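Heads up, the thing below is written out as structure tokens.
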Amino acid sequence: MSETAPAASSTLVPAPVEKPATKRRGKKPGMATARKPRGFSVSKLIPEALSMSQERAGMSLAALKKALAAAGYDVEKNNSRIKLALKRLVNKGVLVQTKGTGASGSFKLSKKAASGNDKGKGKKSASAKAKKLGLSRASRSPKSSKTKVVKKPKATPTKGSGSRRKTKGAKGLQQRKSPAKARATNSNSGKSKMVMQKTDLRKAAGRK
């Protein structure tokens, strides 16, 4: 009996099942920029608009809305916010309601709020002036830092030295002229002596 080798059992290895790639939800480009920027706070815009008005009786709600719209605030969408802000500001004492009731009527700044706005404007203007002065000084400083070559003035002869020189020259001229005068006087005196002698001789001859 020939022994037959057992046939190698063919073992089938199951292929690895690939899991479907799960897509991660990433932020879409432009999502961060798509968010609307925060609008201006109405509680700050209303006092600023009222401070610009020069009406003693206050500003009406319609005029206030026009001023807010001119400042870039969306009045139509935020109508309810404007009314709530007006009520809050009146309760806090920032605004005074001169006409009407509730959110309708006319409003103006209280004396305390008006004085605070004036002080803030004064501080801002003073700081702006200080900055301008600092810039102007800084711009002028490089020019002044340049060393200027100072030319030495020529020594001008003083009047005293000139007068001294003139007096010295005059004295020298007088000294030079004086010998000639002395000679002239000597010659004149000699001539006069000769004349006197001649006259004496003539007188003596006449007497003889």
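Glycine is no exception: its Cβ is also placed from the backbone N, Cα and C atoms.
It should be emphasised that the depicted structure is a prediction, and the values quoted were computed from it without experimental measurement.
Annotated in Swiss-Prot:
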- 1-12: compositional bias 'Polar residues' (COMPBIAS)
- 1-39: region 'Disordered' (REGION)
- S9: phosphoserine (MOD_RES)
- 38-111: domain 'H15' (DOMAIN)
- Q54: site 'Important for nucleosome binding properties' (SITE)
- R56: citrulline (MOD_RES)
- 93-208: region 'Disordered' (REGION)
- 121-134: compositional bias 'Basic residues' (COMPBIAS)
- S141: phosphoserine (MOD_RES)
- 143-154: compositional bias 'Basic residues' (COMPBIAS)
- T156: phosphothreonine (MOD_RES)
- S163: phosphoserine (MOD_RES)
- S178: phosphoserine (MOD_RES)
- S187: phosphoserine (MOD_RES)
- 199-208: compositional bias 'Basic and acidic residues' (COMPBIAS)
Where the residue listed as 'citrulline' falls in three-state DSSP terms: coil
Helix-strand-coil residue split for the domain 'H15' (38-111), DSSP-based: 36 helix, 11 strand, 27 coil
